[in-house]
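Down below is the structure, laid out as structure tokens.
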Amino acid sequence: MSGEIPERAQWDSGIQFILTCIGYAVGLGNIWRFPSLAYEHGGGAFLIPYLSCSFLVGFPLLYLEMSLGQFSRSGPAVLYGRIRPVYQGIGWCMAGISLMVAIYYNVIVAWTMVYLYVLVMGRSKEWSSCRNEFNTIYCQSSLEDQRCADENGATNATDWAFFFNGTCHYGAEDGIRDIRDKLYETVLPATWRAAATHVCYSLAIAFGGLMSLSSFNPIKHNCFKDALIITVADAVMSMFGGTAVFSVLGFMSKQLEAPIETVVQSGTGLAFIAYPEAMSRMPLPWLWSALFFIMLFILGITSQFGLAEVMITAIYDQFPKIRVYKAWIAVGVCTTLFFAGLCMCTRAGIFYFNIFNDYTASFSIMFLVLMELYLIVHVYGLANYMKDLHYMMGEPKSWLGRWFGPTGRYVQMVWKYVAPIESAAIFVVVLMTQIGNKLYYGKGKRLYEYPNWAIMFGWTLSLLPLMSLPAFVLYNLHKFSKQGRSWRELFRLQPKWTSYERNMKEQQKKPQNGVNGTTQVNVVPLGDELKPQQAWVEPNLQQEPAENGNGGVENGNLDTNRQRIENIDLDEERK
């Protein structure tokens, strides 16, 4: 029917959803960032703060985002605007950051395809030698200058093969022993800060990806269990990858007769320089190289799907009538990413890549976490959101559930106290670090310092997504003005929020001063101020929700909200 808005899609199965989420969360950072981070902060002892932060902070924040997406049945671009329109820009900030990260992730995936192409064409020796016409005069191979490495290791689906291959060679035990040392560093604040920062980025908190993916779940799906599975999978992948990588680094240090700190690398240097050269000297080098780059391709492309999905979901959530053109929206977003990444395919591409890598997802991520926590805990009300979670997840049936369950005291304490303090500390540290940061590429005599214009460009990348915050305040103010609605509604719960009817009923039962502890919910006010709202919303929104025998709101009222929200979407499009 013309003008009809298609219903929101759903996952075919829970397994499909959880595997997609794990593929999105587990990415290249687990392979090329975690090992070097662990080495810099106490080796294997780094696992103590890392695992503590993963389950004490990372898991509750991940659960918060997944539950928000599932309960609202919407992506971040409109989710926060339904709670308070003045905060809608938070979601678009997430979409903007994900889009910029996807630009250089696209390039990483392309690099892996180039290496696979060279491998298939039988030219794999080119990446282990400086004697090629495309090499610059600055090309050097420490393995050519000294005795070469013999074996290698990596991770993911092929990890077991790489793991055992690396750990069974002479020198591997030195690398593994090194990550068990330096227990004293676990008490240093810098170590805990590094662990917490890595957890937030590794689990893609405040990127909006898992929130978007969760919005396609049934409203009563057990996202608490899913969040726990994703956290465990991410931690296991990091630990397993770290062990495999350090076994290889230990072996390489023995072969080179050099301290292990001289061979520790991170990022693209580890994945596209050190590993390929070492693999070229292994027995069956084509097999190990193929497995390694296929693994990198899978890690990159699955994360890329999630990053692109944030912007795709944002567009058709903001404009519901174009959901029928989702395939074309996806083509448009991917085409944009393709052309934006072309600058990193030039001779200066690695310099642009480093700018994007260092500046796109920096302090802005932690700033969004702080705003998200403030909105849910203090503006919407933590006790109020617990009622929404009770509807989704059910009531706890034991003391364990009351403390550590989906609505337990544990997640409430983290959301209200632990996460805000930790996020604020990380935000300040990352911001101050970036303010005094100078960007370099290379090392030794070939160290290149980026000019001032490149630093300014990086700051522009950091701040650009945050411009969505004031932009959507002005957008919604203009929108409400055209609809004849007061600017005060920017600070009120909107009818599209899933539990709007319950909130309005509870507000009507309160005294006119309305304050009940710290969990007051500001919805459409009573009395004469309600009249303009009645002219705008659908008539069925003003009906009293049915009550059950215990005086509570029937669950059926929330179940019918999906159709009500679709009706409001259609009404807005017509206006």
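Note that Cβ sites are derived from N, Cα and C of the backbone, with glycine treated the same way.
For the Na(+) site that TrEMBL gives as GLY23, ALA25, VAL26, ASN30, LEU299, SER303, the extra residue drawn from SER202, SER398, SER423, SER462 is SER202. Secondary structure at GLY23 (Na(+) binding site), taken from DSSP and collapsed to helix, strand or coil, is helix.
In sequence order, ALA25, GLY27, GLY29, ASN30, PHE34, GLY58, ASP234, SER238 constitute the residues six or more apart from SER202 (Na(+) binding site) in its chain with CB-CB distances below 8 Å. Other C-beta atoms found within 10 angstroms of the C-beta of LEU299 (Na(+) binding site) number 27, with every protein chain shown included. At the 8 Å Cβ threshold, with sequence separation of at least 6, the transmembrane segment (12-32) lacks contact with the transmembrane segment (456-477), having fewer than 3 such pairs. The list of residues near the transmembrane segment (417-436) in space but at least 6 beyond its ends in sequence, with Cβ under 8 angstroms from a Cβ of it, reads 56-57, 60-61, 193, 196-197, 200, 359, 362-363, 366-367, 369-370, 373-374, 377, 459, 462. Residues 61, 64-65, 68, 80, 83-84, 87, 90, 93-94, 97, 100-101, 104, 200-201, 205-207, 412, 415-416, 419-420, 423-424, 426-427, 430-431, 434, 458-459, 461-463, 465-466, 493, 517-521 of the same chain sit 6 or more residues outside the transmembrane segment (359-383) yet have a Cβ under 8 Å from a Cβ within it.
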